[in-house]
Amino acid sequence: MRVKGIQRNWQHLWKWGTLILGLVIICSASDNLWVTVYYGVPVWEDADTPLFCASDAKSYSSEKHNVWATHACVPTDPNPQEIAIENVTENFNMWKNNMVEQMQEDIISLWEESLKPCVKLTPLCITLNCTNVNSANHTEANNTVENKEEIKNCSFKITTERGGKKKEEYALFYKLDVVPISNGNKTSYRLIHCNVSTIKQACPKVNFDPIPIHYCAPAGFAILKCRDKEYNGTGPCKNVSTVQCTHGIKPVVSTQLLLNGSLAEEDIRIRSENFTDNTKVIIVQLNNSIEINCIRPNNNTRKSIPIGPGQAFYATGDIIGDIRQAHCNVSRIKWREMLKNVTAQLRKIYNNKNITFNSSAGGDLEITTHSFNCRGEFFYCNTSGLFNNNISNINNETITLPCKIKQIVRMWQKVGQAMYALPIAGNLVCKSNITGLILTRDGGNNNDSTEETFRPGGGDMRDNWRSELYKYKTVKIKSLGVAPTRARRRVVEREKRAVGLGAVFLGFLGAAGSTMGAASITLTAQVRQLLSGIVQQQSNLLRAIEAQQHLLQLTVWGIKQLQSRVLAIERYLKDQQLLGIWGCSGKLICTTNVPWNTSWSNKSYNEIWDNMTWLEWEREIHNYTQHIYSLIEESQNQQEKNEQDLLALDKWASLWNWFDISNWLWYIRIFIMIVGGLIGLRIVFAVLSIVNRVRQGYSPLSFQTLTHHQREPDRLGKTEEGGGEQDRDRSTRLVSGFLALAWDDLRSLCLFSYHRLRDLVLIAARTVELLGRSSLKGLRLGWEGLKYLWNLLLYWGRELKNSAINLLDTIAIATANGTDRVIEVAQRAYRAILNVPTRIRQGLERALL
């Protein structure tokens, strides 16, 4: 059997392989990514920044909140905006919120300004003779002994303004404001806190009625709001929006009960930093408010007692009518229903344990009672009737909380400071809404207990503000973003325009949940929504400020507002400075020459632009941002240097500039310098020639006329270096006149220059010719070497191909021959086996024959 080898066309394989290799190289080159700068991306990060307040304060009102807000806050925005951010999850933490700390400082400022101490009551830190108040003009059938003892009528001696004489005065004090002196005399008292601090009297005409205050973020920052209805105060929030200012928050200072706050939208919400830690307070936000009415029924009068030059002590002069105790009324039905709902929510948190409520366990009066300020008077109400498990067994429709009033109070904002609050004349009535509770849980080591006891708490006013600011956080807008693209900067033109003053803000944050590709398309529209004037986000607010400038005074808060404006401008200038350094001024999308390094992010191009948001991308490359910025700056510096070198070559780009009149002046100067130099050389050579002739015996001052003499053929003309020349006559042109002499010298100089330049050009041409021949010879030899190597490569390739073909042929032939022999042997064996019966039959036939 014969097998023929099949030859393949290796030349076609070489062509296809080269083509495929080229395509691979082109495709790999096309996947190169370059850093691109984007201005106006919806990216932010957590930040603490000074906020400014806004309120609808009435400048004509003497109420302290209005007075403070007029000086401290700007008018509210008539068109507040709230823009939902889709597909964004943001972490909030109400327990670590700088907005709470700022509000704490602001309300302390409000109280210190409202209750500014004017008069030291040191002259009253004396022994007071006090008795229970007896009303002689009115019946006391309805007055209990406790009510009588609640107010003391105290007499004391005071120094008059003139003559230093002593005068006896009297004033009414609440029982809580005086303490008995332990000397056995039951009528001797002194003012409380006299022995531990200096008591100061607040300025007169203090009136309290909290007004809503809005907190606003300055330009370059934003306030994010969590709108999840089941948000518990910490953790991720999926329903996020951005707002210019918070809702109006009434700064009500109270304990145990939260008054006039915001309500939960659906069920009652219970929040705590750690429910298993009994030292952490529990804030309850109600979904329905409960009205609480507080009354001081006594119609008090106020009297003024002079205690020094220009100083007066204001005290309660008399009580008209019955002496009845101050109290607060709460609807029993609503309170009972609210406690039932709170109990149900607490059972979910504490694994269906029995929930009980009890009164405060003890402590300062401000903690053990519901303390608050009612139009300038400080109420301390006993809430044991509210937090009582037997409340459902009582059928009265109203829960009455007995209250006490103090005029010498300890300031909640500072430790160890006491103040005398002036008495308020007339009846006092305060109507408020209970919108939340502050609870504490009893501790213990028995974790297997089936019962949890909760008591009213409070005292730290930060918890009051936290109950309103739990859904807000401040963030800093990062308007610059970098991302990889396939575009590379080719030519950088000098930009002379700039984008209007802008910082990424509010309006465009709605695109934060979009993919990077979708968000980058709308950058122009986003930037147009940024700022107008100083801050576009606050354009309406600024117009309101301009309309009411007469309301604003440059106080501490005025300076704070100016700082916010300066901060906005600084942030804008910083962004513009970076854009300018990178060569991106006036551009929203700016390509660079910096190649993208996969070590920064190994995600593919499509994965980045089609699946990721700008927020996710910023977190991905956060650790490399500054390094990328520095690389962009270095690349721009190198590009500017290259541009400078290129501009230096641009002077040769236009030959017509050579004929400019300003250039001709330079040409004339250069020509004069060259001619002067040549004349100087001519003079030097002339002097040297004269010296040479003098050495030969000629006289330079001779007046002889040179005549021509015919020499004999056998005589030499000269005896020195000129000797040996035959049949050559020398003559010297005789010229007369300055012009002729100048022309002769100039002609000789030009001829001399021409001859020298001609020689130089010939030498240069010869040199170039030799170099060209050498170069051509080298190139020819190199080309021949390359052709030789190529032919050698083709020869060995052909030999290898032939050897391979011969090898395949030999193997095929050998295999075929071997196969034929094997087949032949097998056939013989098969035929032999088939012939066995025949051979046996033939043998038997022979045997029989």
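Every residue, even glycine, has its Cβ placed from backbone N, Cα and C.
Marked as topological domain 'Extracellular' by Swiss-Prot on the basis of sequence analysis: 32-670. For Asn87, Asn129, Asn142, Asn185, Asn239, Asn299, Asn329, Asn341, Asn382, Asn390, Asn433, Asn597 (among others), the entry in Swiss-Prot reads N-linked glycosylation site, with the evidence type sequence analysis. Look at Swiss-Prot and you will find 381-403 tagged as region 'V4', backed by sequence analysis. Marked as region 'V5' by Swiss-Prot: 446-457, 448-457. Residues or ranges marked as region 'Fusion peptide' in Swiss-Prot: 498-518. The topological domain 'Cytoplasmic' feature in Swiss-Prot is assigned to 692-849; the stated evidence is sequence analysis.
Note: the region 'V5' (448-457) comprises 0 helix, 6 strand, 4 coil (DSSP; helix = H, G, I, strand = E, B).
Nearest Cα neighbour of Asn329 (N-linked glycosylation site) among the listed glycosylation sites (Asn129, Asn239, Asn341, Asn382, Asn597): Asn382. Every protein chain shown contributes to the tally, and the Cβ of Asn329 (N-linked glycosylation site) ends up with 15 other Cβ atoms within 10 Å. For Asn239 (N-linked glycosylation site), applying a Cβ distance below 8 Å and a minimum sequence separation of six or more within one chain yields Ala84, Cys226, Arg227, Asp228. Looking at the topological domain 'Cytoplasmic' (692-849) alone, the prediction's average pLDDT is 75. Candidate glycosylation sites: Asn87, Asn129, Asn433. Nearest to Asn597 (N-linked glycosylation site) by Cα distance: Asn87. Among the glycosylation sites Asn87, Asn597, the residue whose Cβ has the fewest other Cβ atoms within 10 Å is Asn87. Between the CA atoms of Asn87 (N-linked glycosylation site) and Asn341 (N-linked glycosylation site) there is a gap of 33 Å, rounded to the nearest whole number. Counting in whole angstrom, Asn382 (N-linked glycosylation site) lies 17 from Asn433 (N-linked glycosylation site) by their C-alpha atoms. Classification of Asn329 (N-linked glycosylation site) by DSSP places it within a strand.
In the three-state DSSP reading, Asn597 (N-linked glycosylation site) counts as coil. Under the DSSP three-state reduction, Asn239 (N-linked glycosylation site) is assigned to coil, being neither helix nor strand.
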